[in-house]
Structure formats: C-alpha cells, structure tokens
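A.B. asks: Dumping what TrEMBL says about this protein:
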DOMAIN    B:28-404  domain 'tRNA-guanine(15) transglycosylase-like'
BINDING   B:Cys340, B:Cys342, B:Cys345, B:His371  Zn(2+) binding site
REGION    B:410-469  region 'Disordered'
Amino acid sequence: MAPRPSPALTFDLAAKCPTTKARAATMHLPHGSVQLPMFMPVATQASLKGLTPKQLEETGCKLCLNNTYHLGLKPGQKTLDAVGGAHKLQSWPYNILTDSGGFQMVSLLKLAQVTEEGVRFLSPHDGSPMLLTPEHSISLQNSIGSDIMMQLDDVIATTSPDLARIKEAMYRSIRWLDRCIAAHQKPESQNLFCIIQGGLDLELRKECCKEMVARDTPGIAIGGLSGGEAKTEFCKVVDTCTSLFPTHKPRYVMGVGYPEDILVCVALGADMFDCVWPTRTARFGNAITDTGEHNLRHAKFADDFGPVDENCKCMICRLPSEGGLGITRAYIYHTAAKETVGAHLLSIHNVHYLLDMMRQVREAIIEGKYPGFLKAYYWRRYAGDKEKYPSWAVEALRGVGVDLMIDD
Amino acid sequence: MGIEGENHSQVSDDMFSILKSPSAGIGPRLGRLSIPGRHTIETPHYLGITSRGAIPHISQDTFARDAHIQGVYVPLEDFIERAPERVPPLYLYKAPDGASPLRRYIALPDQSLLVLGARRCPPVAAPAANSNTDQTVSVSTNVGFKLLHAQDYREAVEKLDADILVALGDIQYGRTLGSKRITKAVDRNIDWLQDHIAARNAQPSKSTRAKLFASLLPVSCDNQKYWVEYLADDAVKHISGLALYDSCTLADMPQQLRHLPVLGFTLPETPHEVLRQVGLGMDVTTIPFITYATDAGIALDFTFPSPESNDSNEVSPRALGVDMWPEVHATDLSPFKEGCQCYACTNHHRAFIQHLLAAKEMLGWVLIQIHNHHTMDLFFAAIRESIRNETFDRDVKEFARVYESQLPAKTGKGPRVRGYQFKSEGPGEPKKNTAPFQVRDKSSGEGNPLMNDANAQQLENQGFAEKTG
C-alpha cells in the first residue's frame, strides 16, 4: 500500500547505495528542506549550549532538537502559547524536532512510574506529583510547534532483563501512539513520528514495526537504544527494523551520535540521528576529529599550535587567510573549562564536524561510493590498524556487504 | 636621570591627536587614536575587557560579526601560569602569517585595537600586604599568585606585538598608600620604565612597535611628583600615553603631559562615574561594570543625556538597566530596548532572555553581553557629540537627574564564578558555586509519593510541571 502523502513532510529519495542499505534523500519540512542522512544537534532548552542561532546556522544546521520535558518545565506551556511556539522563542527560522519528554523520565528521574494513563513523576521544582500523558505530551509539542514531534513511548532500558516488562512497554507504546495521533491538533503543519520499541527482542521489534507502520505516520523512529546495550544487538535491531519500513519515509535512530555508530546505522538504512554528545563533550574540552576524540585539556596540547582538526573547514579551524578564526589547540587548552568561550568554540567545531561528516556521507552515497567511504573513514580513525576496528562494526557492515578488513 | 640610546627613539606621535580641548583648566576633550590598520578610535571611548583572550561570553566569531567593540584590553597574567619554570605557550607561538602572536592566538580581528598590560581588570588583590618588590610584581595566574619580573615582562610584551603596551607599574590594588610606599613605588616605576625604554632603544630596527604607555600611581600627581616630573622631563619623548589607576591623578595633571592620551583602569562602577572621569579629561577607559551587569542578568538601558522617548508617564529617576530575571519578561516579545540595533535586540526578545537565564543557558549571558557593549558604544558616541556641541556639563547634570545613581541590584544567579574573579579567603570558605540540582533518592523518601491519593484527573488538570513559585 502506498503511504498516504503527508501535508507537512515530503520525502524525495535521491539515491540508494548499490551495496549497503544506505540512502540519500531530501526531506521537505515546514521550515525548509534538509538533506538526509543527517545529524541533528540538541538545543535542549531552546539554545544550543551557548551558541547563537546564527552560529548554529553557520555550522550548516537546518534542523535541531528541543526537549519537550525541559521546555514544559521552562518556560512552560502557557509561555510557549503566549510567545507563539519554540521557533519564535529562540528566533530559529529552520526546523525543530521535539522528543516526547518520555526519555527524560527515564534518564533524569529516578522516581518515575509508568502506568497506562502516562508517566507519573515528581516535579523537580517542588517535588509535587505530576503526570505526563500521551495527550499532554502532544499538547505541549503542539504548543512548541515543532516540525517533527515524537509520540510518548514507554521507554525502558534495553538492558532490562524483564522480558514481560519490555513486551508490556512495546504494546503500551502502540496504544499510546494511537492516543497521540488522536490528540494531535496540527497534522497539517507538524509531523508526528512513531517510535518503535521492543528492547533487543527482534520478534517484539518486528511486531511493533508491523503495528506502527500500519499507523502510517510521516516518519518512523527506532527508540529505546543507545542505553548501554551491546553494539551488536543494537545493530541487529536497526537492521531488522529498517527492513520492515517503507522506503519513502525518513527513519530516525534516536540518541545516536558517535561517528562510527552513525556510519554503521546509515549503512543499515537509517537517515536521522541526534545526540547531545558533540556539545556536551565540548564542554569537557573534547574535540571530535577524524582520528577520534581528543581531550584538549590534556597538558600535551598546551603548546600544540595546530588547528583543532587538520582537515576541518569550520569557522574555528580555518585560518584567518581562509576567513576563519585560526584557533589553535593551545588556545582551547588555555580556555577550556576556564572561560565558557572555550566551550562555545569547541561546540561549533564538534557540531560542524558531525554535520560535515554527514554531507560527505550523502555525497558518497549519491556517487555510489559509500562502501569506500566507510573503509577510508575507519582506516583514518584507527590509523590503519585493523586490529583495532570494533568487531561489532565489522560484523554489522559485513551483513550489508562491506568488509572493512578487505581493501578495495 | 638619563636614558641610553636616546637618539634612536624619538616617538613620532601621530597616533593621538586632540581634536578639541577645554578652553581653560580641566575638562572633557575629544581626540582620535589612530594606529595603521586598526579602527580609528574617536575618544572618549572604552576598551572591552578580555578574560583569557576573549570578552567573557562572546566567542571570537560573534565578536567579529555581531559585536562592534573597537578595541580590547588583554592582561598578560592570563597567559603565564607556570612562568618562569615553564615557558608560557603564548611565548612559543608564531602566527602563521607573521602577524602579532597575541592577536592571532586569541583570534582578535585585525581592525581591533589591542592593548596589553600586566594585570586583569579588575585585578584580584594580592594576598600579601607588600606583594611587589624592586624587581617583581605579584600577578594572579591560573595556578595562584606568581611573581612577574619586570625584565621578563618587558621582554615578553615586546615580542607579542600589541598595539599599545602598558608599562609595568608598582600598583598596589585595594590599599591606601602611605608616603613611604609612594616613594618606593616611584623609584620602582622610574627604574622599570627606564629599563624598558633602554631595552627598546637597543633594538631600534623593529619595524612595528607597540606604543608604550607609562603607569601612574593611584594618587594625585602632586603626591607622585618625582615620577610625574621624570615622565614630563625625561620619558615623555619615549612614551605615547599614560595609564591611570585612580581618577584623582587626572585632576592635577601637569600641562607637559596633557598631550598624551590617558587610558583608565579606574574601575568606574556607574555610568555617572564614567562621565565624571570623562569630565576630568579621560580619553579611553575600561569598564568592568559592563560584564558585572551581564553576569547579573541586567541589560543596560540608558541613553546620554536622557532617553529619547517623551513618555510623560515615565517613572523618575529611571533605572540604568533592566533586570532580566523577573517573570514579568516571560512573554514579552519586545527587545531589551526598542529601536536598539544590537544583535541581541534585532534577533531576540525579552521572553527568550528571561527563559535562558531561568534555565541557566549560557546563551542568555552572551546576548546580554552583546547588548551591554552596544549600549556603551552609543553612550560614548553621545558623550563625544555632547563635547563637540559644548553641552557636556549640562548633559551630565541632565543624566544625573534622569537616571538612578546605581545600577539595579542583582536578583538572579550569575554564571559560575571562577577563581580569578574573587580573592580566596583561605581554607574553609563556603563554596562559591552551588550545585545546580540534586538527584532525588528513592531510599530517602517516605513511601512512594508517586502513587499517592492524587488521581490522574487532578494531576492532568494541574498541568505539566508548571512552576509553582
């Protein structure tokens, strides 16, 4: 059955990798078009950790995340309604994706309890009991006005040994999806994505895919991952799910942000990724580069006058003669954790790094060279030492026809 | 007191020209500071104050694009934590294009005036009462107080290629100086400046050379007579300006030094005090209250001599700034100031800033900082206009009548306080930064408060985590 065209999202497939399941596409959203596959930086509380919207735009970002839970606390729904939504609040002219708030119930609140009606939790302000229902989550996201909103799902750690609870959560997530769809007031301007649950149990995941795909949301997310599970299991879930998804819809793997994880997930057929890691790690003085993460607070960088990343073309790394700032590793060492400017600079670099990596990924897919791109990336990352390649990545990529161990 | 190699070093001072000076005695003046390749700075003006190479909160790309700060002050003590045991990285750095190593290291745009001195502004006072010696000055570094040798200072700063160098002075911060201490400080200042000038003259070939400013003591000129006489009689040919640490020094400045630009490190706490010092002839000043206000979440809001609006309902006197913390701004879509052309006001509104402060998001302070510097840009432009129109005295009175005497009180919490911003009181002092949140622990609760009597409908009605207080 051909999917029903959705009023607020058009998905144009540009190319498919002839070897892997990777795809390149353009997704048209209410606040402009974005290129898939893509990474989305996380502006948790309507700001990307110290960067102005102009700086964020300069990294190439056209779609960032806001967190419903955080915006629900501050500034709160009344204010969001009065201001006219999150785009207006933060003066961000491009797209916004919001999560449902459910993940924070698990990640931030020890005392959250899930019942059929919703998630009960204690207010972080005064400790009074509160309830987040699917209806309320959608109502908040309608107030936020995000271009892509996520259903409230019953999130439990993938590492949970309680299969009955995982199964319950999966079926509850389907029921909650129906409540979210029913509660959604603005399908003409906001897209509601479903979230596939089911832990690491592939049969549960398949069942969830079948049920949720039938609901025909404009896009599909795979949730409940990147919670510390084995990477091999993680890859199996992504691979299994994408095989059951319709071609002409965006697929979003939630909470994935490490370059190597993203590259594998793209090969497994996923299109969208988000993570707080690039900005969080920047605040700890870590720079993301082709050769991995480097902590520039380490004393060995005090006298290192090279750019943060030799190959990078971001505002921070480009020389003044190339229109950039020519910031050195030594200067980041000098400011990291001492002036917030140091974190701002590294955040710009790190976000740019991931967005630029995705541009290269897309180009490689379109040119039919994604397998070669993968091999070159891993080669650089591990300085040619194949012994160090993570076995989960090697195995997962073998499954889609790319053997990192064999040079072209 | 002679100076070696005098023949090499006539300072050709086309850097500073006085465009308008008071007809008699002391008064405000107009000048122009021009250094090739830099913004021409019309004076009176101010310099942005950097911390570890950046104006706090404003990253270098935003500085270049969205702020219009014409010049900055950089303290060397921010860069020399383990000297002399370990050569500071800055001293080893060579700019790829041969430009000033300091300018490239901190990614300061080419057009911005770069002024280099020893201590931060404001400096953290040294713990010891007599912290300076005949050869050294106590400086506050990232790893505590260190001794900076006068020789090391002059050698280092000469290599860093700033536009203006503030010569090392024996400046005691936060203490009243007795006459003996002044005598000692004068001797040191003369020695250090003499040595510095001699060292410069020994290297006459250097093509670009920073303009050297001498540091006056924070007392009246009469109280540091020998130093002032030395400067006027011997050093004047070799220096291009004066650095001041107390405005009282301006009041009896001798005529022989009046042609020099005056750079203030006088820590004014209000715009009124800035005006008073301009009225004494201050040319370029540094204003710590800009960042203080920013950290307090206060958007500066004043126009010299008085606001343009003719709103008769205005309360009088008016506040000098708007505290952005209160919830009254939560849904206010207006800018800090109507008609303001700064990046923050043209792109954002009060509701967002209030949200950012309440959420402790760093962007809040970034935006206020941009606005506050812009407010000072306009303030100084209006001061110059007023001097040009010869209405300065009247305008200062008007400003004093219209505006409150102090900045609004701080109500909200600022960003994390750093070690270089306060004087440590020693062991056992309370934490300067409180933990932003605490994790609730299941074990400490009584029963399970989640499943209490409140039914779902009640909870639903009370809304999602609405703030109660």
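Count begins at 1; order follows the chain as displayed.
Each Cβ is built from the backbone N, Cα and C atoms, and glycine gets one as well.
Just so you know, TrEMBL annotations are computer predictions that nobody has curated.
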A.B. asks: Within the domain 'tRNA-guanine(15) transglycosylase-like' (B:28-404) only, compute the mean pLDDT.
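C.D. replies: Mean model confidence (pLDDT) across the domain 'tRNA-guanine(15) transglycosylase-like' (B:28-404) is 94.
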A.B. asks: Counting only residues 6+ apart in the same chain, whose Cβ is under 8 Å from the Cβ of B:Cys342 (Zn(2+) binding site)?
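C.D. replies: Listed in sequence order, they are B:Ile370, B:His371, B:His374, B:Thr375.
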A.B. asks: Report the residues of the chain - excluding B:Cys340, B:Cys342, B:Cys345, B:His371 - with C-beta within 8 Å of the mean position of the site's C-beta atoms, for the recorded Zn(2+) site, in sequence order.
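C.D. replies: Surrounding the site, in chain order, are B:Ala299, B:Pro335, B:Phe336, B:Lys337, B:Gln341, B:Tyr343, B:Ala344, B:Thr346, B:Ile370, B:His374, B:Thr375.
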A.B. asks: What are the non-local neighbours of B:Cys345 (Zn(2+) binding site), defined as same-chain residues 6+ apart in sequence with CB under 8 A from its CB?
C.D. replies: B:Pro335, B:Phe336, B:Lys337, B:His371, B:His374
A.B. asks: Taking the Cβ of B:Cys340 (Zn(2+) binding site) as reference, which residues of that chain separated by at least 6 in sequence fall under 8 Å from it?
C.D. replies: B:Thr346, B:His371, B:His374, B:Thr375
A.B. asks: Near the Cβ of B:His371 (Zn(2+) binding site), how many other Cβ atoms are there if near means within 10 Å?
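C.D. replies: Its Cβ has 28 other Cβ atoms within 10 Å.
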